[in-house]
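Novice: Below, the features straight out of Swiss-Prot:
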BINDING   Asp64, Arg72, Arg138, Lys168, His169  substrate binding site
SITE      Asp179  site 'Important for catalytic activity'
ACT_SITE  His181  active site, proton donor/acceptor
ACT_SITE  Asp252  active site, nucleophile
Amino acid sequence: MLLGPLMMGLEGTRLSSEERTLLCHPRVGGVILFSRNFQSPEQLRALTDAIHALRRPPLLIAVDQEGGRVQRFREGFTRLPAPGVLAAVYDRDPAQARALSHDMGWLMASELLACGVDFSFAPVLDLGRGVSRVIGDRAFHSRPEAVVHLARGWVAGMRDAGMAAVGKHFPGHGSVAPDSHLELPRDPRARSALEGADLVPFRRLAGDRLPGMMTAHVIYQAIDPLPATFSGYWIGEVLRGELGYEGAVFSDDLGMAAAAEAGPLPRRARAAMEAGCDMVLLCNHPEAVPAVLRHLPDPDPVSDMRLVRLHGRPVVDNWRKLHRLTRWQEAVRRVRGQDPSPEGELEV
């Protein structure tokens with residue numbers, strides 16, 4: 001059975017009978033988890049085991065676990081600082097900053113994999129230019145080359161733990177002020193301006209064969225009239241064509257306000273797939289899932305080949321064994337030595 005094109009959210013900490021039925025639909029390919037789905041590492045493992053047991057090959061299980069404001073699982077997990085704390089370290093000592101980024105990526109990935117989560121939508125490849133509050137300290141740095149350097153460390157840490165990385169939000173969300181969860185951002189710059197700035201990390205990481213990319217719900221109005229998620233130009237011509245990207249392309253959540261440009265939820269899902277996405281996310285609208293499934297295409301063998309590469313391959317798949325590792329203990333100590341993360345949670 002191939003992985004379908006929809007990644008859907010769940011309502012609680014256990015699967016309902018209705019969710020079990022939906023997750024067996026051939027056009028479903030994955031689940032994205034949030035803090036509402038989490039109580040403890042033990043409960044999380046029971047949930048992921050139940051999801052993975054439904055199908056063969058198993059459904060993908062993902063989460064946004066970046067650190068700082070975007071860390072869905074907290075109780076029992078290492079509290080990761082926001083990636084932006086690495087900017088000051090990088091400015092003093094790039095090698096130390098990359099080593100810390102590697103630690104953060106490895107620690108995040110190891111803990112998730114030990115609980116049965118396949119991958120995190122990370123790292124953020126946007127520039128932290130002080131323009132976008134929703135990106136803010138989720139970004140590594142304001143300078144493209146620094147973002148590339150630090151992101152490569154983070155991705156290598158994830159890979160060492162057995163997790164595939166997914167960069168976001170292509171082709172760059174850090175230079176627009178509006179929050180795409182609430183409204184549709186519009187970037188007025190010419191393509192040449194993006195080439196020397198926001199596009200640099202995506203171009204470089206695409207060349208590194210990053211396994212996954214997530215698109216931005218942003219219109220780059222001097223370049224293309226559609227948000228990147230629904231744009232054949234951005235996904236087909238630029239990402240696949242110019243950048244030669246061969247990994248899986250994910251839409252950002254289709255329930256966000258910025259995605260309304262494409263119409264009702266079923267139409268949004270279809271438009272994102274027609275633009276070139278391999279999988280679309282519907283995180284917070286369970287009532288819309290049946291209609292969305294009716295509008296989605298059947299699973300595609302090429303997309304399936306891209307998506308199955310995101311299944312977790314944990315080096316350590318047991319929570320207690322992980323905590324006994326000297327490497328885990330030392331990584332926790334180094335990461336906790338960084339600046340404290342801001343309180344609160346950003347729902348993205």
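Backbone N, Cα and C atoms are what each Cβ position is placed from, and that goes for glycine too.
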Novice: Could you give the maximum C-alpha to C-alpha distance in Å for the residues Asp64, Arg72, Arg138, Lys168, His169 that bind substrate per the record?
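Specialist: Those residues reach a largest Cα separation of 19 Å.
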Novice: Roughly how many angstrom lie between the C-alpha atoms of His181 (active site, proton donor/acceptor) and the residue listed as 'active site, nucleophile'?
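Specialist: Counting only the Cα atoms, the answer is 10 Å.
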Novice: I'm trying to understand the geometry here, so how far is the Cα atom of Asp64 (substrate binding site) from the Cα atom of Asp252 (active site, nucleophile), in Å to the nearest whole number?
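Specialist: Cα to Cα, Asp64 (substrate binding site) and Asp252 (active site, nucleophile) are separated by 11 Å.
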Novice: May I ask which residues of the same chain, at least 6 positions away in sequence, place their Cβ under 8 angstroms from the Cβ of His169 (substrate binding site)?
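Specialist: Non-local contacts for His169 (substrate binding site): Val124, Leu125, Asp126, Met214, Thr215, Ala216, His217, Val218, Asp252.
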Novice: Near the Cβ of Lys168 (substrate binding site), how many other Cβ atoms are there if near means within 10 Å?
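Specialist: Here the count is 25.
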Novice: For His169 (substrate binding site), which of the three DSSP-derived states applies: helix, strand, or coil?
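Specialist: The residue in question, His169 (substrate binding site), is strand (DSSP, three-state).
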Novice: Identify, in sequence order, the residues in the chain of Asp179 (site 'Important for catalytic activity') that are 6 or more apart from it along the sequence and have a CB within less than 8 Å of its CB; answer 'none' if there are none.
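Specialist: Spatial neighbours, sequence-distant, of Asp179 (site 'Important for catalytic activity'): Ser132, Arg133, Val134, Pro185.
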